[in-house]
Number of protein chains: 2
Amino acid sequence: MKVLAILYQGGEAATNEPRLLGTVENKLGIQQWLESQGHEFIVSSSKEGPDSDFQKHIVDAEILITTPFHPGYLTRELMEKAKNLKICITAGVGSDHIDLDAAVDHNIQVLEVSGSNVVSVAEHVMMSVLLLVSEIARNAFDLEGKVVGTLGAGRIGYRVLQRLQPFNCKELLYYDYSPLPAAAAESVGARRVEDLKEFVSQCDLVTINCPLHEGTRGLINADLLKHFKKGAWIVNTARGAICDKDAIAAALASGQINGYAGDVWNVQPAPKDHIWRTMKNHLGGGNGMVPHYSGTTLDAQARYANGTKTILENYLQNRPQEPQNIIVGDGRYESKAYGQR
Amino acid sequence: MKVLAILYQGGEAATNEPRLLGTVENKLGIQQWLESQGHEFIVSSSKEGPDSDFQKHIVDAEILITTPFHPGYLTRELMEKAKNLKICITAGVGSDHIDLDAAVDHNIQVLEVSGSNVVSVAEHVMMSVLLLVSEIARNAFDLEGKVVGTLGAGRIGYRVLQRLQPFNCKELLYYDYSPLPAAAAESVGARRVEDLKEFVSQCDLVTINCPLHEGTRGLINADLLKHFKKGAWIVNTARGAICDKDAIAAALASGQINGYAGDVWNVQPAPKDHIWRTMKNHLGGGNGMVPHYSGTTLDAQARYANGTKTILENYLQNRPQEPQNIIVGDGRYESKAYGQR
């Protein structure tokens, strides 16, 4: 059986640090285990264009492993060439780099290691929130007394609300297609706002914690940004493409928003001239962008490497998968998170 | 009556942002009020050496206003020249830049705006904790599952414990000369460790939240650092001189500690060649130092400017001061926080 993994190049760091499991060098810690069972295991970071290892090996691989950090973009066109492909495993959370509708049509399963990164991302959100709000001197504020809202109150968004709770915010709000269970909402003291424009207009800070799908792509665009409170902050560790990159940069320059932070980009790695690398507010600050790493702390790498191995074991031994890890099952969506057809 | 205030130069930023109250430009917002009552109000940032405005005007000022951010260092020697000086007001929290024993001897009152910065500092601590722990890639960890301890569990330290609570740390510890009330300790789930060496040996991360006085100066020195857990992180937003600067830099270089972050320096502003500006761990990171600003967000500036005015009003109208603001009262210490004689 041929297993193809597209991972990122860790370089010397990965050679010195075996806990950097999600790298080409350390191969999720599963090389020996796979090869001892007679499987072929191809690992590469080369993922763009027809000569890439990704496109060369996808044609006869049965299993594809990718990550959200250095995503191998599996389009419908590539899927049509992948005659043997049965299962895509995302080592991490977020499978928007895979054309999920096409996976349904081709009867290719898509699984991810649900929950492997929720804590790491929620912590990164909190760090970004505090960084933006407490920017130095003439633009430094307390988080206390501000209105903070999460767009998405799932497993990450809810953890963010929990961590915001002791900061004595003026109010915690959330926007989500379904309401939190009453006890959960009460325990974090969060109020649901059903209308998106009304939601953003009430927040001093909006944190985005929802998946990317056709319903959320470009959701934060020039039109919606007009409805934000003037000088609001935005933290997006979900997916870059949920925000319109040029509209964000323009809103930051005009002062409509005061800051934007996160670690996700609409294309990864981000091109050198990506405007989010250099955009600023009128005071020369307000940019908290870093490379995509919030779900890939060493603690999270251990979790997603373990989780990937479990999914592989289940597949190889024909055992059922854990339901919460299944995005696309046998020819249909199993998750509600991706706005399925 | 002559009032002398040593504040920091805000420059153009302060001209454009009137909420930067703690600057030479905006004069704590009290110039008009003081002058309308016939008082002389001298405001300057010049504070070092015999030709400075500080040393020139201290000789006949009755009231001295300083801040912890750009401290006018009031030594015993200077106090002996300050024949009219009756009261020192710290616009902010932390009066270690004033020789408090000398103030007792000279019957000079010392007051500060207690509580004006506790939230801002606790938020800065949380930001620094998250920054150090989640440093990128090969040195990125989750805060969840770590042991975190605060050295000092007073008004800031306790707020830090509260904010750490939802992060699911393995354990929260504190070291303090007096135990927290049982209900307070229980509500944050924190355990007291009475022996300092034992305390630091148990912590993955130590955050310092105690005042600087003769009992805490140089407390974190080469000897104590040997007792830290190897690779621990230190966050110090209290006072730079609580840590031995060269011992910290050496411990960071050797890997005994993995990171050091904070906004306080043993001398402020820090000299250009201060080793904390450039120290690094062996991976080239682990330095989270910024200028001293955590207690001076715009929200905090409003609080300490208001508080300073209230203390002045009480003094000018011969009304009693709020007890929690008094460090040195009529010829004696009123606060237990500064390790009085």
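Using N, Cα and C of the backbone, Cβ positions are placed for all residues, glycine too.
Heads up, TrEMBL stuff is auto-annotated, nobody curated it.
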Among B:Thr90, B:Thr237, B:Thr278, B:Thr310, the candidate listed by TrEMBL alongside B:Arg155, B:Ile156, B:Asp176, B:Pro211, B:Leu212, B:His213, B:Glu214, B:Gly215, B:Asp263, B:His292, B:Tyr293, B:Ser294, B:Gly295 for NAD(+) is B:Thr237
B:Leu212 (NAD(+) binding site) and B:Arg239 (site 'Important for catalytic activity'), compared by Cα position, are separated in whole Å by 6
If you measure between the CA atoms of B:Arg239 (site 'Important for catalytic activity') and B:Arg155 (NAD(+) binding site) and round to the nearest Å, you get 15
Using DSSP three-state counts, the residues of the domain 'D-isomer specific 2-hydroxyacid dehydrogenase NAD-binding' (B:138-282) come to 49 helix, 30 strand, 66 coil
B:Val93 (substrate binding site) sits from B:Asp176 (NAD(+) binding site) (Cα to Cα, rounded, in Å) at a distance of 19
Counting Cβ atoms within 10 Å of each Cβ, the densest environment among the binding-site residues B:Asp176, B:Glu214 belongs to B:Asp176
